[in-house]
Structure formats: structure tokens, C-alpha cells
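J.: Swiss-Prot lists 5-120 with the feature domain 'Response regulatory', giving sequence analysis as the kind of evidence. What Swiss-Prot lists as 4-aspartylphosphate is Asp56. Annotated domain 'CheB-type methylesterase' per Swiss-Prot: 174-362, in sequence order. Per Swiss-Prot, active site is recorded for Ser186, His213, Asp309.
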Amino acid sequence: MRKIRVVVIDDSAYSRRAITKMLESMPEVEVIGYATDGEEGIRKIIDLKPDLVTLDLEMPRMDGFTLLRIVMEYSPTAVIVISSRSEDEKVFRALELGAVDFVAKPTKGVSEEILTIREDLHRKVRGVIHLNLAGIVRREREQERASVAAGRRTSGSAPYAKAAVRTESTAPRPAGRLEVVAIGASTGGPPALQRILCALPGAFPQAVVVSQHMPAGFTRTFAERLNRLSPLEICEAADGDEVRAGRVLIAPGGHNMVFERQGSEVRARIVKPGTDDRYVPSVDAMLLSCAEVFGPRTLGVVLTGMGNDGSKGVAAINRAGGQTLAEAEETAVVFGMPKEAIATGVVDKIVSLDRMSREIIQRCGLLSDVD
């Protein structure tokens, strides 16, 4: 079996050693080169043609952002960002530029933390063999075009074009309308979520809940970033937060988000992951809870990601009479979670990322005309 060939790019000697040690503990991985800055990194990528690059963002001579732009344009390669929590805002910019995923940077002498980081890195490296690089490049170029277009509009507009929507006065909602849109994602999820949420109208008549596999400490910055870009109210969920129309709750990293109905209100409950939860925040835990609490008024959406998280949830939503969507293979960065959801046989529609927001809006009763 051919090994996964990796180049490690980091100006810190300690980080290079720690990352290399983590990688070389995987029998299917071979570290084939190192670089201490972006310029050297580009030369190594061109010469060695690795399957994967681990990348520090802050380096001398050429930073990780510049390297990402050049690599994605001329030599598309899978990139996992290695970042400290103090750089979490920069991580999401790197994901926009085409990085596949990120892991927290190891710190000296914290053995328990290093073990957790190693497990996270191993899982994401193994996902490289399922990677849709063409989809990443297509997504990155579409986002660049969208950003340029956004610059031509007024400063108050969202960075993605919205579908034409009807107002409540011209389109009365049916009695059995959806109450919640629940979206789950993993690898490749942050840019996909940004694209979808920024295309929804500010007066969105449903609540939106999101579980994105992400370490503790990063989800708050992710939510704050999306809140600045989207017309919706977006925040990291706290225990007891109300689930209400026009609001997006993002499950906090390292925890699961479930729901509890209290009279006419529904509240989020933030709970510790179960022993069977391989991925956290768990998409299945969120979707199963939605099926129980919201029943047929649930729209479940499974986006890009490794593994099968979400497949139990879509089955439960279907049994409860709700609706489900899955991202199409051609746009999914990793077609693992959507594939497993589709394999249940209960997904109502398979939708490419570029049409997902329109499909959600249509199913929520707002879209005036769909082709």
C-alpha cells in the first residue's frame, strides 16, 4: 500500500519535531521533507509533490496565507493548518483560501493535550485519501469571485448572492412549516457553512442549529466571524440559549448540542460527549434530538466530512416525518458523511453546495421561483 507522503512546514524546530513524531507514529505515513518558511515550502511542494502539507501560518519571508494562494493556483495540494488557539481567526481565513482542515499546535510538556492533538491529526491525515481536491480548488475560486463581487456592492450586503425571497405578507407559511434547519459538517465544513449562512436572508423564519466537528476554543471565533459576515444572528451556543427564528446556534467545540422543549420555547442544552461519540460536536446527537423535539418540522442537512456522523440522525428525522438533504459528491471536500447519509436511503435530495442555500430557502417556503 502506497504511503501518504507529507511535507512539514513550520519555522519552529520544536513544532517540526513534534508534528513529525506524531505523523511517523502512523504506519501509513512518510514524512518526505521539511521547510522553515513559505518560500522554501513552495520549492519543496513543487519538487517533492507530497500528498499532504502541514502548514504553520506565521513564518518569516513568506507566510502561510501567501503560500496557500500560490499552491492552490499552481500546484493544488491538501493542506492541514497547524495553529495555536491565539491564531484562530487566521485559521478560518486559511480555510477560505483552500486549506482542508486544521489542528491545534502542540505546546511543550502537556502530555494529555499532545495525545488529543495526535489523535485529531491522525484522523484528519487519514481523510486525505478520500479528499476531493478539485472540489476544494473550485470552491476557493468561487469564493474569490464572490469576494470580488461583494466589494462592488454596498458595505451592508452579505458576501454571497442571495436567492430571491418572498416576504411573509405575500407568502403565508403553511401550518406545518419547518421550525428548525439543522446542519452538520466536518472536514471542509467551515467554508461551506459560511457560503450557506451568508446566503440566507436576515429575516429567516426558521431557527438554524449547527454542529461542526471542531476543537474546543475555536467555535466561538468561528461563530463571531460568521456573525460579522451574515445578516443572521450567529453565536456559539450556551446552555439554555433559546432556539428561535433568525438565529443560528453553533455547538461549542468539545461538546454536544441537544434540545429541550419548555412550553412554547425550545432551549439548547450543551452536554458532554458520550463514550460512543467519535466526532465532537456530534452531528448525530444534534439531529437525533431535533427529530425528537421538532419532529416533522425539522430539515436536516449533512455537508462534507469524514466518517458516518449524521447518518443515524437523518434516519431519525425521516421516521419523525421531517426532511433531509445531503451535499453532492462533486462539491464535498470529503464525501464521507454525505455518502453515508445517502446510503440510508431516506435523504430527500442530494444538492451541490452552490445550490444548497436556495434549496433550504425553498423548503422553508421563501423562494419565489426555482429552476
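Quick reminder: no glycine exception, Cβ is built from N, Cα and C everywhere.
Are these features on the surface or tucked inside, and what are their neighbours?
T.: In the three-state DSSP scheme, Asp56 (4-aspartylphosphate) falls into the coil class. Over all protein chains present, the Cβ of Asp56 (4-aspartylphosphate) has 27 other Cβ atoms lying within 10 Å.
Proximity of Ser186 (active site) to non-local residues of its own chain (separation of 6 or more, Cβ distance below 8 Å) is seen for Gln212, His213, Tyr279, Val283, Thr304, Gly305, Met306, Gly307, Asp309, Val334, Gly336, Met337, given in sequence order.
Take the CB of His213 (active site) and look out to 10 A: across all protein chains shown you find 26 other CB atoms.
Summarising the environment of Asp309 (active site), the number of other Cβ atoms within 10 Å of its Cβ, over all protein chains shown, is 29.
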